[in-house]
Amino acid sequence: MGSADPAPDPDAPEVPEGTRAVLDGNELNRALTRIAHEVLERTKGGQHVTLLGIPSRGVPLARRLARRIERVEDLSVPTGSLDITMYRDDLRLAPARALGRTEIPAGGLDDRVVVLVDDVLFSGRTVRAALDALGDLGRPRAVQLAVLVDRGHRELPIRADYVGKNLPTSLRESVTVRLDETDGHDAVLLGPSRPSPANTLKGGLKGGLRSGSPDSSPATTEGDD
Amino acid sequence: MRHLLSAGDLSRDEATLVLDTAAELAQVGDRSVKKLPTLRGRTVVNLFYEDSTRTRTSFELAAKRLSADVINFSAKGSSVSKGESLKDTALTLQAMGADAVVIRHSASGAAHRLANWVDGSVLNAGDGTHEHPTQALLDAYTMRDRLGRLDGLRVAVVGDILHSRVARSNVLLLTTLGAHVTLVAPPTLLPVSVHTWPCEVSYDLDEVLPKSDVVMMLRVQAERMRDSFFPSVREYSRNYGLDGERLNRMPAEAIVMHPGPMVRGMEISAEVADSPRCTVTEQVANGVSLRMAVLYLLLGGS
């Protein structure tokens, strides 16, 4: 809980050269609190809401939203994760990827208001894949989308219902979300683009069955939009 | 790696990745729509020169759950019965655009040969008395699923080691994954080179059982035997068969595995085969998830 201002701090070495923090820990948490309130408002009390995080960083974000909703409304929201790897449209552009976890809460998804949670909304292709995956898992009453950062550049007709921060970016920039649960601290960083995401993708195999867990990837979520 | 030819080709990380992927894919079997779109538009050929129900249907179901197109090609009723060679058959399948060939053949090394002739992936589904890597992977998966770990696990493989491709693949894979394997068989049913395998060998089942977490019973493959390897079925069964009394001498949480098909009354008694500690049907169910994982990892990427 030490991260405070964007000023030089003990946090300083955490921000790699050439990147700057667009959200620090406190701002990130305030944005999540606001989203939690918006979810409750839009779903009229959240009785039917199921939160599904998209791995890897959507999952801890979904859990945090659930905790906030519980605090505000004293309502325990079913929370799970939805891995979309098998539904991606770019599988053949990279070696096979390790799969993330899919955990559907016990009650299932039928007739629930499913709120998908992801860290960065970019091309919209991840969300497209998630919608396809949902179709195979049940029939939700409605599907909504919550993202921490919307960086624009959509390639599909998809928009978010809840946005932590709208961040206008250039295609040459990269957006990195870091979370306490996965990276040891909270921040959203904006930096110069990394070399082609296709080559830096999560451990796959092919041309060498190489192992890697979905969580072992560097703190990049950008390729996944 | 483009092919899966031998369980010995897998590193510990690669094998663990396959098992982890299979664990995720196992959920697909519980869903209302038991299908993933991942291999849409890919073609998998099941090329079976030997009879098989379990392995062929398992591969077929796995490929179909990943939305691949599956062609079943068995030697009976094909040009093979007219004298076509393996190479020509392979080139024919290649010309039809097969992305993966799953091959079972009575000759050891057939899968390796095939891998040199086709561009697609080759998956060894059993070649002669050599290897059966997906069986070893699904066995390892079942052990990890039931007992929670593989590292340090003591596994006894009992029976016709000489004619078993399952035994060799299991020894190689389980050793890679940190388990200790002991082969138990009459001397006549052990291969000459068994001392070069990374495992222990024993002729005495009763001595090995109490210190085993897993016992894997193998069928005596009479169809591959031209000589007599033991005096009588009764004697074999008494010395190397697993019955209820022997099972009771194993640790309480120990499990009994069998790659199938079982011959009740020979290597395993009906009492043991039907006991909840016997994982035969679990192995079959896990086989589908495991083969989905292998197909995905070999064909899913670029």
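Yeah, the Cβs are placed from backbone N, Cα and C, and that goes for glycine too.
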- Item | TrEMBL carbamoyl phosphate site partner of B:Arg54, B:Thr55, B:His132, B:Gln135, B:Gly260, B:Pro261, selected from B:Arg104, B:Arg226, B:Arg234 | B:Arg104
- Note on the structure: The binding-site residues listed are B:Lys82, B:Arg165, B:Arg219; by CA-CA distance, the one closest to B:Pro261 (carbamoyl phosphate binding site) is B:Arg219
- Alpha-carbon spacing, B:Arg165 (L-aspartate binding site) to B:Arg104 (carbamoyl phosphate binding site), which is rounded to whole Å: 11
- Task: Quick one: give me the count of other CB atoms within 10 A of the CB of B:Gln135 (carbamoyl phosphate binding site).
- Result: 26
- Got a sec? Which of these binding-site residues, B:Gly260, B:Pro261, has the most Cβ atoms within 10 Å? B:Gly260
- Item | Spatial neighbour of B:Lys82 (L-aspartate binding site) that is closest, considering only the binding-site residues B:Arg104, B:His132, B:Gln135, B:Gly260 and their CA atoms | B:Arg104
